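See below for the structure under consideration.
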Amino acid sequence: MENKTPIFFSLSIFLSLLNCALGGNDLLSCLTFNGVRNHTVFSADSDSDFNRFLHLSIQNPLFQNSLISKPSAIILPGSKEELSNTIRCIRKGSWTIRLRSGGHSYEGLSYTSDTPFILIDLMNLNRVSIDLESETAWVESGSTLGELYYAITESSSKLGFTAGWCPTVGTGGHISGGGFGMMSRKYGLAADNVVDAILIDANGAILDRQAMGEDVFWAIRGGGGGVWGAIYAWKIKLLPVPEKVTVFRVTKNVAIDEATSLLHKWQFVAEELEEDFTLSVLGGADEKQVWLTMLGFHFGLKTVAKSTFDLLFPELGLVEEDYLEMSWGESFAYLAGLETVSQLNNRFLKFDERAFKTKVDLTKEPLPSKAFYGLLERLSKEPNGFIALNGFGGQMSKISSDFTPFPHRSGTRLMVEYIVAWNQSEQKKKTEFLDWLEKVYEFMKPFVSKNPRLGYVNHIDLDLGGIDWGNKTVVNNAIEISRSWGESYFLSNYERLIRAKTLIDPNNVFNHPQSIPPMANFDYLEKTLGSDGGEVVI
């Protein structure tokens, strides 16, 4: 894999502080003995290395509050062996483990916990190795989507990958939750295109696909992050792309009635377009007008794109100058608002400094005009709110609902995301913003999926509930308690995920408030595979 310059802490500072902060337990000596030297310890000093690196990958300032729990230490492994040894050393104590890839967990679950915890930050595991002959790549899970896209574009103009468009999202968490993006109508989710993986389990065993078994390999590709162990790397299938694709990003400022009409028609066009096309919408409003930004993507030349939208959606009023031809890599930089492809390789870009909260729905039936009108009406009363709309269809409808844990395939029409964001100066209105979002979500209830109301684990939402794993009474009924959100995210795949969790992590070492629970009273406490700490050589 390509070598990148890792980020290091001062070992001497860590040695002195950890002994004081952690009471002379075994963690320091264990890490040192096993060659894990890149780490720092909790400090209340805002200028310390600890706080600088803690906040470096926090993508939602909502979780930078001084009242939010902080890890006892941050460890940055630089290899799969260091990652394995880190897990083994942490398990000698009583800490909860948190794994952070890009820091985009919508609920901050990759870097917060209600119990004392150690943060394993994967940012130094960000190498990408491209094999053009097999058209595959090994991607370390600390790589961001932008780093992955950049590595692909540097190697080939005819290959790409299907995943999200935000370049600072980590591949570890994104693929673990499925990974929807602008190419999903053509090639499915990111997780649909994973052909192997390396997982470090709770015992520190290093497992490839064969060693972990097909049930666990199935589970890690869409069953949510931070649940099964630590993903060291994904082996992905690279996908054919033309040398030129067509994109557009056009904003229309219109009255609410016209916006309602456009969105009502958009939902049919977005789902029914050929799979070579994607048309998504971002939107917001104020008291005077609605703004709708149309994001279009086509696997081909702009002449075909223009003739298609002229025929199917003339109301957009697109002109030839709106359609831009560029390479696949350039298109993802453009859609992310970047000026150059090389900027994709910068994992520390900050696109928005506002705190935010988001909720999501998936629809099975077309939304009526009154749903769009009511949604826009509510947006007009909250300028800090906005929406993101994505159509499914295409290849998404052809993949079986149990191919991976992500079940929202045939029959799923739209994914509708509701967001509210605010600046630090508006922090006093936080409760007001969250109340507005909850009322929008409640308003949409009659129009979206039911029994259960569907969600997407990469848009994890603790409003749906959570488990206090320290409460033994609750834990004994965890499978039924977790069912409400488990079936919302995974439908009937929830049951298979429970079985996979019981196989790979029966002691529930890797957990968070909405993680998949293992079966209680399992026949053995430590799974046979890797229980002696032995490694499977990859």
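Heads up, the Cβ atoms here are built off N, Cα and C, so glycines get one too.
Here Swiss-Prot flags C30-C89 as disulfide bond, drawing on experimental evidence. Annotation for C89 (disulfide bond): same-chain Cβ neighbours under 8 Å, separated by at least 6 residues, are D26, L27, C30, L31, N34, V36.
Residues or ranges marked as domain 'FAD-binding PCMH-type' by Swiss-Prot on the basis of sequence analysis: 67-241.
Here Swiss-Prot flags N38 (among others) as N-linked glycosylation site. Of all Cβ atoms in the protein chains displayed, 21 besides its own lie within 10 Å of the Cβ of N38 (N-linked glycosylation site).
According to Swiss-Prot, the feature N-linked glycosylation site maps to N423 (among others), an assignment based on sequence analysis. Mapped onto three states, the DSSP output places N423 (N-linked glycosylation site) in coil.
Here Swiss-Prot flags N471 (among others) as N-linked glycosylation site, drawing on experimental evidence. In the three-state DSSP reading, N471 (N-linked glycosylation site) counts as coil. Cβ neighbour count for N471 (N-linked glycosylation site): 10 (other Cβ atoms within 10 Å of its Cβ, all protein chains included).
Here Swiss-Prot flags 1-23 as signal peptide, drawing on experimental evidence.
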What is the total of other Cβ atoms whose distance to the Cβ of C30 (disulfide bond) is within 10 Å? 18
All chains considered, the count of other Cβ atoms within 10 Å of the Cβ of N423 (N-linked glycosylation site) is 13
Three-state secondary structure of C30 (disulfide bond) from DSSP? helix
Take the C-alpha atoms of N38 (N-linked glycosylation site) and N471 (N-linked glycosylation site) and report the distance between them in angstrom, rounded. 34
Suppose you look only at the domain 'FAD-binding PCMH-type' (67-241); what would the mean pLDDT be? 98
